[in-house]
Amino acid sequence: MDAEETVGAGALATHVELVEGPDPELAATMGFSGFGKKARTFDLEAMFEQTRRTAVERSKKMLEARAREEEAHKEKELRSQHEDVDSAASGSSVMGACPAATSIKLFGFFGLFQNPVKKIPDSHEITLQHGTKTVSALGLDPSGARLVTGGYDYDVRLWDFAGMDASLQAFRSLQPCECHQIKSLQYSSTGDVILVVSGNSQAKVLDRDGFPVMECVKGDQYIVDMANTKGHTAMLNTGCWHPKIKEEFLTCSNDGTVRTWDVNNDKKHKGVFKPRSVQGKRVIPTTCTYSRDGKLIAAGCQDGSIQIWDRNMNVHTKFHCRQAHAPGTETSCLTFSYDGTVLASRGGDDTLKIWDIRQFKKPLNSVEGLSSFFPMTDCCFSPDDKLIVTGTSIKKGGGNGKLIFFERETFQKVYEIEVTDASVVRCLWHPKLNQIMVGTGNGLAKVYYDPIKSQRGAKLCVVKTKRKARQAETLTQDYIITPHALPMFREPRQRSTRKQLEKDRLDPLKSHKPEPPVAGPGRGGRVGTHGGTLSSYIVKNIALDKTDDSNPREAILRHAKEAEDNPYWVAPAYSKTQPKAVFAEVESEEDETDNKPEWKKRKI
């Protein structure tokens with residue numbers, strides 16, 4: 001409250017005077033006897049002094065009350081922090097039950113008094129099954145309603161948090177780049193289109209539902225100067241959207257160029273930036289990004305350098321650091337802080353560094369020993385710019401991949417989450433949802449959230465029960481309406497789905513159980529060895545008959561005694577007229593050979 005601008009009603013009433021009586025000199029001058037009552041007069045200085053005193057007294061009372069409240073609040077926070085530290089030391093969980101195997105570690109003075117761990121939303125998690133191979137790309141639209149994932153299995157899956165239920169199934173899966181691994185996915189600043197960067201030389205833009213919008217043109221690979229080609233001529237590495245201009249995006253490639261594009265013009269790039277080594281030779285950019293205001297373009301290169309250009313001046317770099325990371329390693333990620341003054345870089349030399357772009361010769365802080373096996377391992381800032389997050393890679397059977405949190409000012413490790421028994425490749429902390437998305441090396445996309453600190457996102461789908469498929473929807477056939485058909489060909493109108501199902505159940509043809517599938521050789525979908533045809537039946541019985549029919553006469557006479565004892569078929573009909581059968585005697589083969597003439601005998 002400003003004391004000089006406040007006017008109290010009591011002070012105003014105190015210093016108002018009503019003076020009565022004529023002024024004879026002025027009245028005589030003007031030609032009449034007097035003025036009557038005098039006008040009211042105000043002592044303004046006294047009024048303001050009184051008002052100021054009143055305001056100062058009130059301000060003192062308010063400040064004293066506020067100071068008492070703040071002291072009580074600080075005492076309460078310190079007490080709760082000491083309790084958290086004691087419980088962490090005794091092995092109890094600070095954050096409560098989390099489905100993931102989490103371990104909480106507070107380090108040093110910062111962890112004791114500031115306790116940034118409480119801002120991390122990881123009390124709950126959900127797991128989205130993308131596939132079986134590495135999830136190499138993650139993207140969330142600005143509103144946080146949809147998530148897109150891409151992997152080494154060439155698939156891109158679209159997830160809608162508001163439309164999903166507890167089964168956690170993607171509403172669309174597609175392969176926009178055929179047999180190329182997905183390198184990067186990102187929604188535009190308005191969230192209406194998605195940039196898809198894969199292992200080929202042409203980036204694609206899809207709409208929110210996965211349908212193609214544009215595809216970048218491929219350049220002429222036989223031209224030496226890459227600035228004279230219309231597009232990239234080698235494999236892409238990554239890409240991102242302009243934070244302010246919704247039609248512009250950025251890509252970098254193994255052809256040694258960083259190019260800007262316009263969605264409305266797929267015939268040619270918009271601008272070309274060519275990073276150079278110390279000797280002025282071409283060097284391959286492995287990652288690129290815009291600054292938060294979109295005025296700068298930064299690229300990390302294979303020679304370990306980080307080069308930054310002004311977006312409108314593509315010849316000379318505005319900032320550069322030649323020895324940012326170890327030469328010959330691939331810088332996997334560059335990201336600017338939300339305040340726009342600090343750049344974080346994740347190197348292929350297992351380091352994480354932050355830089356002040358105003359003093360770009362030396363890193364502000366760095367940490368080593370963060371293993372990285374993937375060329376797209378991420379790092380990102382927390383929404384309040386106080387933490388930096390990155391993931392670690394592991395070999396098969398080497399433990400669990402971790403998501404590690406560092407304090408930005410001191411670069412102390414304040415927290416870590418053991419995600420799964422595979423590498424942590426991608427990480428994303430959405431500022432509106434306050435949820436952390438993680439892509440792993442075994443095909444999982446995990447979402448960490450807190451029911452109190454987080455908004456929407458994963459909270460929308462975990463509360464929905466799995467929808468059961470209605471039997472009526474699966475059994476009924478489509479009803480075809482033919483209004484101009486003749487009455488004899490017109491189908492009866494369906495009155496009720498339930499009644500139709502009951503009728504079909506009573507119909508012996510419609511309710512007949514279909515023949516089960518069988519394996520083995522056959523004809524027309526059925527196996528022939530089971531006697532489906534006459535020929536197969538005869539073949540089966542011939543194969544099963546083990547008797548020796550080399551002498552047909554003996555085979556017939558084998559049943560003579562049974563026919564004589566129990567005549568049933570032929571004998572009763574011819575019992576009166578049939579003569580007694582006389583059969584020839586069997587002669588030995590030796591006699592036959594002796595009685596044969598000489599010309600029939602076999603010559604030896």
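In case you wondered, yes, glycine gets a Cβ from its N, Cα and C as well.
The annotation region 'Disordered' is assigned in TrEMBL to 63-91 (among others).
Annotation source TrEMBL lists compositional bias 'Basic and acidic residues' at 63-85 (among others).
Positions annotated as repeat 'WD' by TrEMBL: 128-160 (among others). Panel annotation: around the repeat 'WD' (128-160), residues 168, 170-187, 189-191, 194, 196-197, 206, 208-210, 374, 376, 423, 425-428, 430, 432-433, 435, 437, 439-447, 455-457 of the same chain, lying at least six beyond its termini, place a Cβ under 8 Å from a Cβ of the stretch.
If you look at the repeat 'WD' (229-271), the same-chain residues 6 or more away from its ends with a CB under 8 A from one of its CBs are 183-184, 186-190, 192-193, 195, 197-203, 205, 213-221, 223, 282-294, 297, 299, 311, 314, 375-376. If you look up TrEMBL, you'll see 229-271 (among others) marked as repeat 'WD'.
Remote same-chain residues near the repeat 'WD' (290-310) are listed as 240-245, 250, 252, 258, 260, 273, 275, 277-278, 283-284, 316-334, 336-340, 343, 345, 347, 349, 355, 357, 360 (criterion: CB distance under 8 Å, separation of at least six residues from the stretch ends). Feature annotation from TrEMBL assigns repeat 'WD' to 290-310 (among others).
Counting residue by residue with DSSP, the repeat 'WD' (334-358) contains 0 helix, 14 strand, 11 coil. Taken from TrEMBL, the feature repeat 'WD' applies to 334-358 (among others).
Annotated region 'Disordered' per TrEMBL: 490-530 (among others), in sequence order.
What TrEMBL lists as compositional bias 'Basic and acidic residues' is 490-515 (among others).
Summarising the annotation, TrEMBL assigns compositional bias 'Gly residues' to 521-530.
If you look up TrEMBL, you'll see 584-604 (among others) marked as region 'Disordered'.
Note on the repeat 'WD' (290-310): DSSP counts are 0 helix, 12 strand, 9 coil.
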